[in-house]
């Protein structure tokens, strides 16, 4: 059978149903191209237009599709290997970025793809044919044998990228690459669930990443991103909920070599559900509980790590531990909490299913006899053909997990249970070559497969857990049967009486997050995961250093001198991989410290707790965990002085440090200050019984001073009590007696520092008998060379390997901390913050949230009643006033615009009585508003009316220039008019050089009076020469380009990831945002490439850099005069070289009426505000370093009012009462003010400013507010309008406050923060702070009007509206010209009421 993708049909005579058989035949061969789902135009596929960044029209789905926990009715297909539930932004905003994206994304191969010039095609359709749905169902049931066993899709959506190529820069003489990719995505859904299939046929991936367009000549390639993202932006960029499958080129290469379905190249995922779905869940072949593996996972799965590890040349895999750090055991397919990169590993080549499984996979797997056995080591070369039998008396535990995981985690052997024989093993299993080898099912819960009934155990006994003393956990309702437990058997089915018994289901929260919970017949126990140790309730990483903090108090009789001290500090540091323990106690009085020198048990406790373990032994922490009581009684000889030491451990603090308090009471012999104590190496025997450890021994020590050497001794009796778990089988207990060997004991008191120090090196093992000395493995005596944060793995003889402990990464000889918060390897859930610690991390809930019982999930603290929502407020009716909630039961009332009063009572404002209309207009008052209409014989918007009369002079016989001149002169007679009056020569023709009389701008015109593009000059400069243009010349290289070329030559043409290369734009100017190599460490630069202080950011938040060089002029250019706006309220926004006009209908955006108000070529307009009294718009220009204004009258032209003393003017605010303007200058770090005509200029502030940006004014109350986005200490400040009473208003929980506005009606100060992604408001005094919206993209400026906020956004390059009441994003406007928008302001038809 063959598949003809071009024709879109099967080659006759084979029917489509045979495709199912072909795909699911019993083989492990790679997916072939003809095994893709059928596609082609004959199947109803639509074709995406050719291009580099194309997007399909919305595909309206017949039935909404579930993605994560939401439903969507539309899908969009993009050129760049991606599907979304909403239209895509420009590709530059996502195609070169890592996950998460800012929009919902389903990405089978996200890269910069280009189908221009017929390089491949992209097809898509919705399909309901039975053949396609049946094939999709088979795939899903294969990968999800439990939850997907009854999945019957009703609809499918298919997208196929066929022979598509990567975007390539056009180079002279270079032929396009012949590397083309083919892949397919299928979304299958029913009314409850959605599954995704990603299919990569053999040889279908010929390129594995693409170069960013901004990389210029740097040979940088970004690997394709594969995965899913819900698209919600949280406080930190990398905390949005997402699932990522790839992160390196090698992992992309292996997409068609590995699988989680059993066929290399085929992948399945559960991506949406009506039930709770924490994150995308990958498929698991043979995921039935009866065939799950029999040992706990040592760490979380990681697709990316497994794909990366599976190289084309070797099966060798080195575990870097980044995937191991903080996850508890989970099943394949379980999605972890939080927003982190989900780590799951799969391989298709070896993954058996039980022959008696009810959900046996239809996909083939090698027989268990073909499975290799691996020796436990740091790294192993895996040979699938190797067979290795276990020693006699051992059972080989075959790990029925995904074999790609075997690349990371080696096989494990455990002793066979006493008395176990072949007759008592699970029936139906294949005998592995007549060896004493058996595979056992896992009975742990499968979180990703909820509500699955569990079959009873039939003649089944579980082996010991791979780690001594651990038994695998079970599904709900099943208990582990130990050989010493009492059970009843009937018909070979075990039954139990579980009445009044604590179970893991209700008590799992008592276990450490690094432990699993196991149910036994009498209760539950906690057991630490592999690579951790402890008592299950407290677990710490193996090999990692540990710290102890505590207090020491004492009441001693030193000789005949009483000495007392209280709560002095104790700190201990333990290098656990070689058994060293260091203890320091500060501020103990000198006589007591000197006398306690021989009392080594004070610090010796930590040596026993974290001693090096010899095989078959356990140190103290493995027994006690972090809660115990250590009682010591020391009796000195010959004086019989007796002292008692009590050390109480109180658990682990949030940084995983052991907390311990010590109390010392009794009598100790006096030791003179000039004596030191020497203690020889010694052994102690510790006896274990139930929850008590005891030890008694005698010890001698020497007191030395010069030639004096005195030998004394004491007897030590120790008793350590703790709470052991009594439910586990007793045969799992530690040996009754263990020997602690202490070497290199050391005690010293430093009188200068006031610190008493102890140091010991410890090993614990079985009781030794005298025998001939043998070579000791360095792992047991601490002589290895592993890093202090690495585990030492003993090998044969004196061989060993080193492996970094969880929370660290490296080669084992050198390890560095893993920042789980930055890399995403953490379990902090939504509404929580991850805080990195050395070797670990902790989760903290955000404000307003608290931890749930699992200590990872943060749940909302129930808010107090909101009077504004429940209707219990006392404000005026909704149409007259609005209720403002201030937290708790506090609220205030504010009259709506057009009404006046207390807010509790509001009355209509008669605007007509205030003469708001033009003198030639009629005013009509309405409740809450008014309107103006020009009288007959006049035209205009009512606020300005002009006469309809024609100029008195006859127009007959006038040339165009003369006519326009006469008309302009007539209009100029009206007060306030700034229209240009054309200049004509003696013959009535246009003078080639035209200049505006009031503004000073000059330009050339043609014979029809039309401006010649590009000839306009600003005031004060040399007028243009109105003649033919000069011949073009080649542009010389700029400073940026020369610097870039020099560095690239220095780096040998290919810089490393950590080497800086300047980024230049097409004209050679420095790009305002510069970053260090591939890192997220970025900063802003000026036009000369100099870093702007205070702009350097940490990874996660890019600084908001504003360009200082205007883009080139695009011809033809429009005239620099005002196109009059429509009547009513509208928004004005700055967009680089133009000011845009966006009308409002109420509070809704009238997007179809939006247009350009004023074109200002050669400018970069940033700040903008409006003077409501004279109807003039003001703006700052960072390219021209000026502040200008223009009237909103027809034909009015810009007027520059401040031309000097500016470097980077950004924010601008107008006080229409006092006729004053205020602005920020981030180049000079100043805040200034001046009259609206530029006079009376004054610097208000020039200190304690780093990056001042937004500024706003409350003219009625006389307050000024501004933001400073200094990356080290962002803040919002306020002062009076005269610069008095300056103070910080907000400096907590803000990141990059770009936008600031004061609402004169609600009296609220509000700001938009691009760092925290929040829109927040507060009262003018800084109280009553509340969040309006916490999922913004990248806001720049914000303004308030009526019941909405409007902000410009740099991610969407548009204007976004946000409801004040609900906080929801209600609408957006994206201008046709896609570039960054800066300032925004609202233009009212009247001024807000009030007086100075």
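Yeah, the Cβs are placed from backbone N, Cα and C, and that goes for glycine too.
The shown structure was predicted, so the numbers you read here are calculated from the model rather than taken from an experiment.
The compositional bias 'Polar residues' annotation in Swiss-Prot covers 346-355 (among others).
The compositional bias 'Polar residues' annotation in Swiss-Prot covers 379-388 (among others).
Sequence annotations record features per position, and here Swiss-Prot assigns compositional bias 'Pro residues' to 1020-1033.
The feature domain 'NIDO' is assigned by Swiss-Prot to 108-274.
Annotation source Swiss-Prot lists domain 'EGF-like 1' at 500-540.
As annotated by Swiss-Prot, domain 'EGF-like 2' applies to 775-816. Sorting the domain 'EGF-like 2' (775-816) by DSSP state (H, G, I as helix; E, B as strand; all else coil) yields 4 helix, 15 strand, 23 coil.
Summarising the annotation, Swiss-Prot assigns domain 'EGF-like 4' to 864-907. Under 8 Å from some Cβ of the domain 'EGF-like 4' (864-907) lie the Cβ atoms of residues 927-930, 1305-1308, 1323, 1327-1328, 1330, 1346-1347, 1364-1365, 1388, 1392-1393, all in the same chain and six or more residues away from its ends.
Here Swiss-Prot flags 958-1026 as domain 'Thyroglobulin type-1 1', drawing on sequence analysis.
Residues or ranges marked as region 'Disordered' in Swiss-Prot: 346-393 (among others).
Annotated region 'Disordered' per Swiss-Prot: 408-452 (among others), in sequence order.
The annotation region 'Disordered' is assigned in Swiss-Prot to 1013-1036 (among others).
Marked as repeat 'LDL-receptor class B 1' by Swiss-Prot: 1175-1218. Over the repeat 'LDL-receptor class B 1' (1175-1218), the average per-residue pLDDT in this prediction is 90.
If you look up Swiss-Prot, you'll see 1219-1261 marked as repeat 'LDL-receptor class B 2'.
Within the same chain, residues 847, 882, 884, 894-897, 1094-1098, 1101, 1103-1104, 1211, 1213, 1215, 1218, 1220, 1222, 1224, 1231, 1233, 1244-1245, 1249-1256, 1312-1316, 1322, 1324-1326, 1329, 1339-1344, 1349, 1351-1352, 1364, 1392, 1394, 1396 sit at least 6 positions outside the repeat 'LDL-receptor class B 3' (1262-1306) and bring their C-beta atoms closer than 8 Å to a C-beta of that stretch. Residues or ranges marked as repeat 'LDL-receptor class B 3' in Swiss-Prot: 1262-1306.
For 1307-1348, the entry in Swiss-Prot reads repeat 'LDL-receptor class B 4'.
Break the repeat 'LDL-receptor class B 2' (1219-1261) down by DSSP state and the numbers are 0 helix, 23 strand, 20 coil. In terms of DSSP helix, strand and coil, the domain 'Thyroglobulin type-1 1' (958-1026) has 13 helix, 11 strand, 45 coil. The residues of the domain 'EGF-like 1' (500-540), classed with DSSP into helix (H, G, I), strand (E, B) and coil, number 7 helix, 15 strand, 19 coil.
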